[in-house]
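Student: My questions will all concern the structure given below.
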Amino acid sequence: MWLCLSQADGAGGPVLPGSSFPLPARSLPSPRVCAGGFPGLSTPFPSPASCHSQDFVALGPPSWFLFQMLTFMNYIVSTVFCGHLGKVELASVTLAVAFVNVCGVSVGVGLSSACDTLMSQSFGSPNKKHVGVILQRGTLVLFLCCLPCWALFLNTQHILLLFRQDPEVSRLTQDYVMIFIPGLPVIFLYNLLAKYLQNQVQVFGMGAALLPAHCPIPVGGAWGFPLLSTFCEPAPERVTSSPPRHVLTSAQRRVRGCASQPLPIPRRGCLKGQERESPFHTLGLSTCHASHSHLSRASFDFFQKITWPQVLSGVVGNCVNGIGNYALVSVLELGIRGSAYANIISQFAQTVFLLLYIILKKLHLETWAGWSSQCLQDWGPFFSLAVPSMLMTCIEWWAYEVGSFLMGLLSMEDLSAQAVIYEVATVTYMIPLGLSIGVCVRVGMALGAADTVQAKRSAVSGVLLIVGISLVLGTLISILKNQLGHIFTNDEDVIALVGQILPVYSVFHVFEALCCVYGGVLRGTGKQAFGAAVNAITYYVIGLPLGILLTFVVRMRIMGLWLGMLACVSLATAAFVVYTARLDWKLAAEEAKKHSGQQQQQQQRAESTATRPGPKKAVLSSVATGSSPGITLTTYSRSECHVDLFRTLEEAHTLSAPTSRLSIKQLVIRRGAALGAASATLMVGLAVRILITKH
């Protein structure tokens, strides 16, 4: 049966639909039901502030921070090992990592950010199998993008010399980048697999907070009350008709399987001996001292199952990288080449580990329907999000790398100091980056479920949390300004220069962290184009020109660069705050339907019901009950339809195809043209390298 949190006229408590039996007002809090337990009838539920504090923890799980940290630790380890070889090696590995990031990794990470929008919104909708199609499409697109990136990798030394970098540094940088070529598609695949898992974490990992506020809650058996106790949105006052029959979807069956043990039903003080006749027991509710420990345990287990594989893969990769750097750099004395080989081996190790974990633990069953030709369709909508996402990411990322190039024009000390600050910035940036992923996923899933209230609350919670975290981190950086440089180098001049810049960076970090979290909000809502425009203006029209002026004209050297960057991020933060405050969340929810393929599926089902008589028509037309992330209520109006009882809404979605499919001939022409253009770019890069080398 269903339980709707609607008020009975004059009864002071909720009523069961189709029944005049009012529930006691103390038994269920009609204004708000929050996660955190049901200690007893006389104990009030947690306050809204408690729900928000739980949201903070849900938005930024430590596993995401650790995953982002471990991802970039590979480059930091290379910098540390090569930095102790000398100034030239430190500058070379810094430029090599910068070049790989600018011309390779940033492009892939930016394009794959479209998957944050599409996967989260698709997983928040009933059309969860669409997540697997997005993964396939993203894999094909990113592998094609490797070819133009390789064209730049082949000419690293010539590009650096064109920017007047030191010849010896340019030569060593070329060696590192050339070895790194086979690792680029592996990094892209690893990033996609991580996003594939990250965007599935919310439904059970965060409880049922994403359920729409107006959605009736199915209750019954041991799992009924725990699900109700995690419902964190106010319910509108309305009375529905008699409860229809329904069947359990795969998600409901999983919840019931995780909570197969019945909840304890204490006898003391429970309606004076009428426990078994009470409607609470029919609902699976105990009127006092009830608990949602079963779902909490299931939620935590599912959360660990989805998120911690990313951390474990990062641990595997970093262990391989650390051992490899020690063996190849310190023992075999292969120098910067040994560090590059160690990095490549570690990238392969962590990617293979994560892929095997997903397959062996069957984490793909809910969202993967096998390889499909649909991954070749709808590249236009994908690129409409991917290109702004790439620009939004790359414009910001490239600005820091441009700073490294500029410092290379000054002196070896400035470049080395920039390298150290860059590594510190990378480490501290992992926390807001991990939180921005959580914000993006929660906002996207809420919009996919048409829950604008939860989407706004997730955005606000993330912003408030990052303000506190960034202030603490900024303070620590200022306190440790004279010690951090010793981790990366033994040169006292470089360490002293780093100590002068870190107080400025600590202020910069606060605004940078805010921009990062607001970027997660923009990705979750599909508004990456605005973020790209703001980053382009603030970084390349204001920040970098001001930094160049202060660096070379005013002669403030590296200090001038960071003052210009500080002005840039402060203006970007102000722009994001104003835009988000004026955002039309209802329109964003409508756009999320398009991104998750719901509108196309609805049109296809409408056509099917108009042309197909019989049981299938009845089944498809009867799947009309509201749904929420992970839970779909399927009702049937006629008994003959029970032939297809467990044909769930997700399965119905999987069967339908896009309404605007390209023909095989069109696919061959268009996708062949894309492959040809990417291959031609690689050939041009190879020809340029050969011609320049001969001369």
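Each residue, glycine too, has its Cβ placed from N, Cα and C.
Pasting the feature list from TrEMBL:
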- 65-86: transmembrane segment (TRANSMEM)
- 93-114: transmembrane segment (TRANSMEM)
- 134-155: transmembrane segment (TRANSMEM)
- 176-193: transmembrane segment (TRANSMEM)
- 340-360: transmembrane segment (TRANSMEM)
- 381-400: transmembrane segment (TRANSMEM)
- 420-447: transmembrane segment (TRANSMEM)
- 459-480: transmembrane segment (TRANSMEM)
- 500-521: transmembrane segment (TRANSMEM)
- 533-554: transmembrane segment (TRANSMEM)
- 560-579: transmembrane segment (TRANSMEM)
- 594-627: region 'Disordered' (REGION)
- 672-692: transmembrane segment (TRANSMEM)
Student: Same-chain Cβ contacts of the transmembrane segment (560-579) under 8 Å, 6 or more residues past its ends?
Tutor: 399-400, 403, 406-407, 418, 421, 501, 504-505, 507-508, 511-512, 514-515, 518-519, 521-522, 527, 530-531, 534-535, 538-539, 542-552, 554
Student: Report, as numbers and ranges, every residue of the chain located at least six residues beyond the transmembrane segment (134-155) whose Cβ falls under 8 Å of a Cβ in that stretch; write 'none' if there are none.
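Tutor: Long-range Cβ neighbours of the transmembrane segment (134-155): 99-100, 103-104, 107-108, 111-112, 114-115, 118-119, 122, 177-178, 180-181, 184-185, 188-189, 192, 196, 368, 371-372, 375-376, 378-379, 382-383, 386, 674-675, 678-679, 681-682, 684-686, 688-689, 692.
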Student: Can you name the far-off residues of the same chain, 6+ from the ends of the transmembrane segment (381-400), with a Cβ under 8 Å from a Cβ of it?
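Tutor: Non-local partners: 101-102, 106-107, 109-114, 116-118, 134, 137-138, 141, 422, 425, 515, 519, 522-523, 526, 528-529, 531-532, 535-536, 539-540, 543-544, 565, 568, 594-595.
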Student: Which listed range (65-86, 340-360, 420-447, 500-521, 533-554) shows the maximal number of Cβ pairs under 8 Å with respect to the transmembrane segment (176-193)?
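Tutor: The stretch I would name here is 340-360.
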Student: Are there at least 3 C-beta pairs under 8 angstroms linking the transmembrane segment (65-86) and the transmembrane segment (420-447), leaving out pairs fewer than 6 apart in sequence?
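Tutor: Between the transmembrane segment (65-86) and the transmembrane segment (420-447), which are separate recorded stretches, there is contact, as judged by 3 or more close Cβ pairs.
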Student: So if I exclude everything within five residues of the ends of the transmembrane segment (340-360), which remaining residues of that chain have a CB under 8 angstroms from its CBs? That is, six or more out.
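Tutor: For the transmembrane segment (340-360), the list is 74-75, 78, 96, 175-176, 179-180, 182-183, 186-187, 189-190, 193-194, 196-197, 309-310, 312-314, 316-318, 320-321, 323-325, 327-329, 334.
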